[in-house]
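First comes the structure, then the notes that go with it.
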């Protein structure tokens, strides 16, 4: 005996308001011909089954070619596998239609199911995990850690969870597959940086600058220090990632993002064509559902309110300002933390004050992301309610755009500050910019600003892909185990007592109820998590070439983690029909454009690549003293680059001998200023080179993206030929 849906309610007091509301809702379902079965345990369980005429009505409204889905056994010539597919598709159709009717049934009090659930009249509503062959196959061959490197059974996933979930896993698998290529290239660039950093002239000069005295990093308790103290960072971090290979890798990732999306469009076209959904109309489907639920239904007209749109836009801007304000708060934290660390009694903290401030700031940033994700969701839902979208799909699209916008600023505001503002607005010795007139604004790491961006990216990605995934698995697993232990054991039988027969539905309904709750956000959260990861992997990849590698390994586990949650730890998700990943595709395309802009800015502004090239080909000894017929040395003409990119200041300490010629700022801070990015008397040359390089890199990358988009057709020729043959056969 199969039931389409199960409703769960507390046992309310007889005659109470909640009991009356529950009875009214169930009476409305009975009027529509639904069969209802009640089972009482610690909770009240109501099994709901729709009448067959509802599905016949659906087939008639859409003129469904599979008009005999409700009775596949009538086709005696149909192969067994095809009949099994018909059974699965019809089962998904039943769940989808029943869910729509449940959500849109209105009681005499003008209340729908979600209103009743808010008022605790019903506690839960879910379809059942059936003991079907396809479910057992997915549990054994897909939802296991041992199958981490195995191909996903997309067709089986579709048969059990519907097209929308199947397309998510198809997209995630395709993304992970192509991410492997980017991961290999990023690893090669990273290893190349490790192997050649010893040949870097800049690193060599920093390590040999044992007599170059640097200004104090703070106002109190901070001594003068030697530039050679940053030798390790200059070798191992800065010039390992800030080299010619990183520039090429950033260009490669811009192209990769375009090729990935174009190839996904082809893959998606092939998949949905095999499902006969390529030209499926979502709006027509929703209208059919409305008519099935209520034959007197009148479709809502398209409306647009400029006043409402203006209010929502202003509220979105206010929320963005709040998120940017949080990023500023993180900046203030790092400034104060640096000051406190430099005044610490620990020598290690004093020496590594800047690094410790950046690292603790990155951890605090991660905590902020976790908290603000929940806040952003509530705000986005509230704004969607103000918009009053016409359909569920429109509501989903509006919510997606808003939550991604909020999450983008939550995740990237601090990174944008570090990449493009840190060390450029902090002033100079004798005229430092201070917060509240007390704390000096933070500067870049002594080995370069790109080091700060590298550390921030590494910590956030590692935390997001370890702690978040561990919690994502452990929380539902522990909750499931706790609920399972709380289930009462069978009473032991007395001698001569006959065992009471248990309703076979009761065990199944209880076991499904004990699983984790699913809702509209269940699949949405998985998509959002992956799209944010895609942003980290592409936008600032020039500062962190290992991002694709970390994302690749994370996704191998993410696929199985999501499979295990859906099959073993959560209730069955309501299957939904779809022929693409929706507005997420437009979001991914927008991220691809941001990746071109972001990486171009990192190379032109954050990186030392452009200033070094200006010096190499303009002011190096090879160009100024040996301009005719002299072979360049092995270091490529970068001798004495420190003397060229640093300014000096004579400081007299009261009561002590003069320190003589002292460097005006830390090396990295000097290298962030316009004076230090070229000859000190000609600061405009470096700014011109930066601007020209930025425009050149971005225009080249965008042109290559457009060429790649043109070169790779969205729809394969086989799909086009298939539709042409269908038209031809229909005409004949």
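Keep in mind that glycine also has a Cβ here, set from the backbone N, Cα and C atoms.
According to TrEMBL, the features are:
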type     : residues : note
DOMAIN   : 93-154   : domain 'Anoctamin dimerisation'
DOMAIN   : 157-724  : domain 'Anoctamin transmembrane'
TRANSMEM : 165-194  : transmembrane segment
TRANSMEM : 245-264  : transmembrane segment
TRANSMEM : 310-336  : transmembrane segment
TRANSMEM : 356-373  : transmembrane segment
TRANSMEM : 399-422  : transmembrane segment
TRANSMEM : 531-557  : transmembrane segment
TRANSMEM : 578-605  : transmembrane segment
### Task
Could you tell me whether the transmembrane segment (310-336) and the transmembrane segment (578-605) have 3+ CB pairs under 8 A, leaving out pairs under 6 positions apart?
no
### Query
Same chain, outside the transmembrane segment (399-422) by at least 6, Cβ under 8 Å from its Cβ: which residues?
316, 319-320, 323-324, 326-327, 330-331, 361, 365, 368-369, 372-373, 376-377, 379-381, 383-384, 442-444, 449, 452-453, 456-457, 460, 524, 528, 531-532, 535-536, 539-540, 543, 582-584, 587, 598, 601-602, 605-606, 672
### Intrachain residues whose Cβ lies under 8 Å of the transmembrane segment (245-264), provided they are six or more past its termini
171, 174-175, 178, 181-182, 185-186, 189, 192-193, 537-538, 541-542, 545, 548, 585, 588-589, 591-592, 595-596, 599-600, 602-603, 607, 609, 697, 700-701, 704-705, 708-709, 712, 714
### Summary
Counting only residues at least 6 beyond its ends, the same-chain positions whose CB falls under 8 A of a CB in the transmembrane segment (165-194) are 151-152, 154-155, 157-158, 239-241, 243, 245-246, 248-249, 252-253, 256, 259-260, 263-264, 267-268, 271-272, 523, 526-527, 530, 534, 537, 541, 545-549, 551-552, 555-556, 558-559, 562-563, 566, 573, 575-576, 578-581
### Task
Over the span of the domain 'Anoctamin dimerisation' (93-154), count residues by DSSP class, listing helix, strand and coil in order.
31 helix, 3 strand, 28 coil
### Message
Could you tell me the mean pLDDT the prediction assigns to the domain 'Anoctamin dimerisation' (93-154)?
### Response
90
